[in-house]
Amino acid sequence: MRRCTISRNPRSQEYTHIIIIIMHRSTPLSAFGVRGMSQPLGIRICCCRVCTCINFGFLMSRIGLLKLMQLGLAMLCEGLLIKYGVPYADSIGQALTSFLATTGHCFTTNGILLICYAFSDKSYNLIRQSMFETIFNGLASCMYFSSASYMGFACVVWLHPQFLVRPGFWAYPAMTACYYMGYAAGILHALDAYLAFRHYRGAR
């Protein structure tokens, strides 16, 4: 009777081993772009590490790479719009203003989020669990799709005829590449909105 009582006791060693196994099988936080306690920080140079305040694990995670691609596309679009679109603003019209506003706002917000996430785990946990990322990425996706469609219309109607008759008219191929990248950025933001919504609902 004494042995039976000890084996069924929740504080016994057997139950302790079961709890330890369950804890080891749980998913680590580093899989979701959050810095884990055992994850090495910074960059290793010879026998020491530098820049240990930066979470490079997040930058190489799925969410981190998604943010970097969004930031890169916004930067490329902004550069093409300023270099090749602004000199022909009269021909492009409101499509240029719309696209510039979209890329400017998305680049700024994504840059702030990326800096916060790379330097602070608490910021990632608090912001990602709120509705901010879901709403922002949903709006950014809609803005990119609408701006890219408007720019595509401007390219076909106003820029393409000038490209056929004016040699060296680089505004047309540049704006064409711009609205293609705008569609790609819209898809990335839509995917990010879906992942943020799943995170908000508790699906890890």
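Heads up, the Cβ atoms here are built off N, Cα and C, so glycines get one too.
Curation does not apply to TrEMBL; its annotations are automatic.
TrEMBL lists 58-201 with the feature domain 'MARVEL'. The transmembrane segment annotation in TrEMBL covers 68-86, 98-119, 139-159, 179-197.
The average pLDDT computed for the domain 'MARVEL' (58-201) is 94.
Residues 59, 92, 96, 99-100, 103-104, 106-107, 110-111, 114, 170-171, 174-175, 177-178, 181-182, 184-185, 188-189, 192 of the same chain lie 6 or more positions beyond the ends of the transmembrane segment (68-86) yet place their CB under 8 Å from a CB of it.
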